[in-house]
Amino acid sequence: VFGTFEVHSFMEQTHKVQKKIPEKYIRESSMIRGPKFLVRLKSHTVFENTPIKLFCTVEGYPTPHVKVCLFLSLSLCVCVCLSSCRCGIDDTAMYTAVASNSHGQASSQASIIVKSESKLNSRVDAILPEIKYTKINITFLETFNVTFGKEEDCVTLACKMTISPNLANLQPDALWYRDEHLLKESKWAKMESGGGVAKLTLTHLAKDDEGLYTLRMVTKGGDAVHSAYVFVEGTELMLSCAPRCSLLSALNLNRIYYNTISYFKVSKCEKVGTENWTQCNDSPIKICKYPVPGLFEGHSYYFRVRAVNSHGISRPSRVSEPIAGKAPEAPSNVYASETDRTYVVLSWSAPAYHGKAPMWYYIEKVGSGSWQRVNTKVLVRSPRYGVFDLNEGKEYLFRVLSANMYGTSEPSEPTKPIKTQELRGVPSAPGQVVATRETDTSVLIQWAPPKEPNNLIGYYIDSCVKGSKDWDSANHKPNKKTKFVVHGLKTGETYVFRVQAINELGLSEESQESAPLSVRAALSIEYALPSAPYDIALLYCDGESMVLNWKRPAHSGGAEVTDYYIDRCNVAKKAWKEVNVPPIKERLYKVPNLTPGSVYQFRVYGANVVGLGNASTSSPPFKCEAWTMPEPGPPYDLSFIEIRDDSLVVEWKPPVYTGASAVTGYYVDMCKKGTETWTTANAAAVDHCYLKVKGLQTGSFYVFRVRAENAQGTGKPSVPSDRVCAKTLPGSQEIKCGVDEQTGDIYLSFESCQMAEISKFVWKKSYQEITDFSKGLAIKTSGSNSTLLFKNPDKEDVGTFSVAVTHTDGVSASYKITAEELAKMLTLSYDIRNPIIPLKTELAYKILERGRVRFWLQAEAISSAVTYKFFANNKELVNCEQTKMSHDVATGTIEMVLDHFTEDSEGTYAVQIQDGRGKAQSSLVLIGDAFKAALAEAEYQRREYIRVKEGTELYTVANLKKESAFHWFKNDVEVIPEVPADLGSGVCKLLLSQFSKKDVGVYKATISDDRGQDVSQVDISGKVFDNIINDLTRVAGASAADLVIHCTSEGIMLQCYMKYYTEEMKITWAHKDSKITASERMRVSGTPAMATLEIVEPTEKDKGVYTFEIKDSEKTNTRHLELSGQGALFWFSDRGKVVGGLPDVVTIMEKKTLSLTCTVCGDPKPQVTWSKNDQEVEPGDQYVISLDSGKFASLTIKGVTLEDSGKFTMAVLNKYGGESVDIVVSVYKHGDRIPEIKPSPTPKRIMPPTMPIVIPTAAKPASAPAAAPAKSPAPAPKSPAPSRSVRSPTPSRRK
């Protein structure tokens, strides 16, 4: 190019420098690195005929090749010199040096401008003429819309446009952005531009490709922009995550599968396209972030990530861009690019450095005291370094020093105080969520950020159809802004929305749901404003003011028209002025301060929440003269309801000006469309402000007006109404009248066939709006249904009731309640509100054991809220020990047990019952012979009775002799008592120890001698059995000790000692006032000496107050125990545990190496043992057992053989207990078919503590048995545990 070039080599200088470099750096220099310019080409401006030289220095391995017409290869770097002896004007150009090797290429450019000596004062513009930019207009003809795709799909975004003027040398630049980041041409993104078309092809979709895509057509005079969102849906078998720089992040996961991931695997490679991928992490990564150590400065690395769940390992993510340590320049601007609880990642700007010797950095920190060097053993080559082992929540200062083989630089300026984070968990829930309409298929969602972001990463947005519980995710990667457009919604459907925040630890709680929003296109300002009012009428003038009325706008703009503004104009002066500054709420206004005799015109504006609408047309000229005519003025505000095919109801308001006397009536005139003849609809004047006009022609249009009348005559007519069509609205319904079967309320119900968001139901009586609700009227509205309730109906409710629905096409109806109909409904209402409880049986009696008498009756049905009173001889009885009253809701039985039935009990007995509004009464007469028979039977039963005392004893008293033979029988089978009968004492006992349902039966006592035989029997079942259990419960409840805690192998057990316990007793366990239901995890049981509640695998949620209740017929005994702090849970949470990582089944080919690795925990650190087929594995050359950091346990089998097939068991144990898991290993020969073994998940077996665990509690009272409590019954087997390695690293999402 220059004609002659000189090449200067610095080989000798390079060798001198290499001799001084330590051998360590020589080894590193042989590692793979791409080409890089150490000294770049520099631009020059010279005069012609001046010699010029261009230098550049390049490094790389393998040695790069530099092409600028000639090249020179060196072992370490390439230094090229381009020389021209005499430069000419033709040599003005841009020169490029390109260096390349097998790992890439790099280039450097420089401009050479050669000036003419004859034109020293000429400008460079003479050589490079100035370009005057032309304004270019770009109009998009076709654009890309919101796009939905799946991973691995190919998607093309294209825009067609017109370019005016279309100049070949001034074509616009097409720039593509994703989430405001400029995209570059790559194998993942192909770009095309030209011919009025710009295309972006995403060749292989991944989660990273989701976002807002923007096409910006840039010209010298401006740009044109179009944007749309691209959604990427994940697949179940292909989880994708995207690494970035050396601290990897894999947060762009599809949330649908995020919660099923067990951990991640990070791999690196120094040359893309090869399979030399090496795994970076030795232990499982549970969060989407990992610092990769052990990288070499100047080397290029590629990274990828794979996710692991219970189904296996996902396909690798998209390979990252090449990452290489950069040679820094100046140690300045030191700052923390990332902070965490225990580490800080520092970044800085390198010093200006052009030497060829390697350079590294030292990092120093100070917390309190003097500066300390952080990297004493590690040389930092990159301007980024992670400082670890810091204290949480503490402030530090950092500074950086640069160094090479010749010495160390001065330290950089210290950073500002950098405070490490504190562990705060997931973010708090986002704030209020607001949904706003955008298009007919999309909604804009905005929300307040969480009060505690805790290293917030982004947000997930969910949508749900109102009334359902099916939540759908709107985005598949975190959205970083506090607003988002949800696409793909159904037009007209009503949705609610919620938002969740996410950080490295997981998802926050859901925000509160947004207000329901119907999906419709947002109105533009033009259509959101109300239309103009019209038909301004003069209602009265007193000579100084005028009363005006007007009709409301025909179009409200979708919102209520709430304000009006009036302008006036003096016709003589022709100047419009505002009448009112505060808005007018009603369509009736008195305009003051007018000039008598002047003529005025008026115009009115309507306003809603959006803004002010257009002005009405000017009113007719009104002269300001006082009205003195004796007739009344015009009525106003005509409206129509109950429009049907042949009739309608006209409503109006009375005139403002009544004339010389009061208004006595009204006439309604009507005019059919197509005629100009007004006919009066009512022959006689009506004295109210409504009239039902009948006899109309279906489908015809009519106009109405109203005239008021007083004693002096008929006044002016009102302004004619809008035309109305006599036709029933499609779907119209009438009002339904009835009586509520539950409450007895009379109701009028109406279902509207049309509804707008701002529609309201207006109920009227005699066409006057109901505003007084003090007499028991109530209105209940739900959706399109409204009901008028008469809570206290009476004869005053006779009349015509009507309802109208605002902001519709006239939906309305009426109903006339007559006196006869009201009387029938009042009768039915009374019967519903005052029902009679039907009885199956009237009051009766039954003689019980010990001579007690049971008075009872049975109703068809009663509720738990039933109340009742018993009377004896018109004296009310109270519920006490002598007269026990009770009821059974299930059977409808109400009873009273009279304990002492004597001669004084003769008389009349009655019971009164009330259940809600229902009532009933029954009586029983026990007088004379009936009473004598009942008393005789009671005295007989009193002679033989059952007594309970610390167990159950049946005994009988008789006139015995020594020769008498005494026997006990149960269900006609002889029972031999433990204690022989003592015939001498006259008392024979049968002791029933541990009384329960097994003792139910008929018991007989027989005694015989030479005088004959006597038999006595008792049936212990039914009520007799219940009474015995009730007495036992009373004894047990009185002896119940305080609750104590006992540790078991599976959890903790709450125990309550008592004199006697059986499962038939009525006991209740509660936690935080909530009744505990027996389950696999909460085991309710007991022994004859105590009642127990066992909590299996207790957690933090099990803390709180526990209550034990034992209830008899008279009293409830309660015991409490507060389970708080760590004392009750530490042993279980600190025992040895297997966190996860082991498979259930392993299939491997012989002679391979098998590594079984999992994570364990426990405090103190647990011991790990391995066994094969229940025989402990001894470590050796083949079996290698390790436990790293007390967390990662592994068993490595080198060169597995067929003998290694079998069941391997890993046991984790410390002093608080532990767990053991089984792994089935199947070894097959090379070439054999892989055996198919279906995994059968086996639960973890919990191992008891190696030493007794005693939790201090209050001492047991003396009433508790002195002997050690009996062993708890064996717990039921646990349900099979799920397969391991299926838990998510973050909390599960609640839908």
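For all residues, glycine too, the Cβ spot is worked out from N, Cα and C.
Annotation source TrEMBL lists compositional bias 'Low complexity' at 1255-1271 (among others).
Per TrEMBL, compositional bias 'Low complexity' is recorded for 1281-1295 (among others).
Residues or ranges marked as domain 'Ig-like' in TrEMBL: 129-214 (among others). Mean model confidence of the domain 'Ig-like' (129-214) amounts to 86 (pLDDT, 0 to 100 scale).
What TrEMBL lists as domain 'Fibronectin type-III' is 233-328 (among others).
Per TrEMBL, domain 'Fibronectin type-III' is recorded for 330-423 (among others).
Residues annotated as domain 'Fibronectin type-III' in TrEMBL: 429-522 (among others).
The domain 'Fibronectin type-III' annotation in TrEMBL covers 532-631 (among others).
Taken through DSSP, the domain 'Fibronectin type-III' (634-731) splits into 0 helix, 48 strand, 50 coil. What TrEMBL lists as domain 'Fibronectin type-III' is 634-731 (among others).
For 717-818 (among others), the entry in TrEMBL reads domain 'Ig-like'.
Per TrEMBL, domain 'Ig-like' is recorded for 1037-1124 (among others).
Helix, strand and coil residue tallies for the domain 'Ig-like' (1150-1226), in that order: 3 helix, 47 strand, 27 coil [DSSP]. According to TrEMBL, the domain 'Ig-like' annotation covers 1150-1226 (among others).
Per TrEMBL, region 'Disordered' is recorded for 409-431 (among others).
For 1255-1295 (among others), the entry in TrEMBL reads region 'Disordered'.
Residues in the domain 'Fibronectin type-III' (330-423) partition by DSSP class (helix H, G, I; strand E, B; coil) as 0 helix, 42 strand, 52 coil. Residue counts for the domain 'Fibronectin type-III' (429-522) under DSSP (helix as H, G, I; strand as E, B; rest coil) come to 0 helix, 39 strand, 55 coil. The domain 'Ig-like' (1037-1124): residue composition by secondary structure is 6 helix, 48 strand, 34 coil, according to DSSP. The DSSP breakdown of the domain 'Fibronectin type-III' (532-631), given as helix, strand and coil counts, is 0 helix, 46 strand, 54 coil. Counting residues of the domain 'Ig-like' (129-214) by DSSP class, helix then strand then coil, yields 3 helix, 44 strand, 39 coil.
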